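Quick look at what TrEMBL lists:
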| type | residues | note |
| --- | --- | --- |
| TRANSMEM | 20-40 | transmembrane segment |
| DOMAIN | 36-167 | domain 'MENTAL' |
| TRANSMEM | 75-96 | transmembrane segment |
| TRANSMEM | 108-129 | transmembrane segment |
| TRANSMEM | 141-160 | transmembrane segment |
Amino acid sequence: MGLGKVEKSRKILRAVKTLVFLITMLASLLILSAPILLVITDTLLPSALLSVSIPFSSLSLETISSHLQNYDFRYSIIDIPLISIIRSIVIFFVYCLCDGPRLSRGPYLGVTMVCSLLSLVFVSIKAPYVFSAQVKITEVALFMSSVVLAVGHIVVAYRISCRERRKLLIYKIDIEAVSACHKGFPTYNKLLQEVRVK
C-alpha cells in the first residue's frame, strides 16, 4: 500500500513539474513574440470595436466610404482604427527591417516612440470633442484600447531594446574571452619557443 502512494505522489509531482515547464515555455514564447502579437491586436481590436459601434445591418464598404467622405474630426470615430492600423504597419515594418544590434537602439525604439506618441496626442485631442455630446461604452472602449495599445508598443519596444543591449554586452564579453584564449597563454608560448631552441 505504501508503495502505491509513493508512485502516485511521484506521478503527481511529475505532472506538476511538466505543467510548470509548459507554462514557462508558453510565457517565453509570448514574450519573444510580443511585438507581433501586439501588432495583430492593435490591428484587429479597434476595428472590431468600431464594427460593434456601427450597426451590423449597415456595415458594408459603402457605409465605410460614406463615413470617410462625411468625415468630421469632432464626431467621426472611423479614424481611430485607421490610426491604429497605420501605427501597427509602420512599427512592424521597422521591426522587420532591424536586426539584433539595430533593435538595441535607434530605428525601432525611435519609430515606435514617435508613432505611439503621435497617436496618443491625436486621440487625446480628439477625445474631448467626441465625448462632449453623448458617451457610448464602445467609443470609450475604442479610445482606451488605442491608448493602451500605443503605450503597449512603447513598453514592448523598450523591453526589446534592453534585451538586445544585454545580448550585445554578453557578446562583447564572450568575444574578449575567445580572443584572449585564441592568442594562447603568453608564458606557454615562451616555454614552447625555449624548448624548440634547445
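Using the three backbone atoms N, Cα and C, a Cβ is placed for every residue, glycine included.
Note: TrEMBL annotation is automatic and uncurated.
Residues 35-36, 38-39, 42-43, 45-47, 49-50, 53, 64, 67-68, 103, 107-108, 111-112, 115-116, 119, 122-123, 126, 129-130, 133, 139, 142-143, 146, 149-150, 153, 157 of the same chain sit 6 or more residues outside the transmembrane segment (75-96) yet have a Cβ under 8 Å from a Cβ within it. For the transmembrane segment (141-160), the list of distant contacts is 34-35, 38, 41-42, 45-46, 49-50, 53, 77, 80-81, 83-84, 87, 91, 103, 108-109, 112-113, 115-117, 119-120, 123-124, 127, 130: same-chain residues at least six beyond its ends, Cβ to Cβ under 8 Å. Applying DSSP to the domain 'MENTAL' (36-167) sorts its residues as follows: 109 helix, 0 strand, 23 coil.
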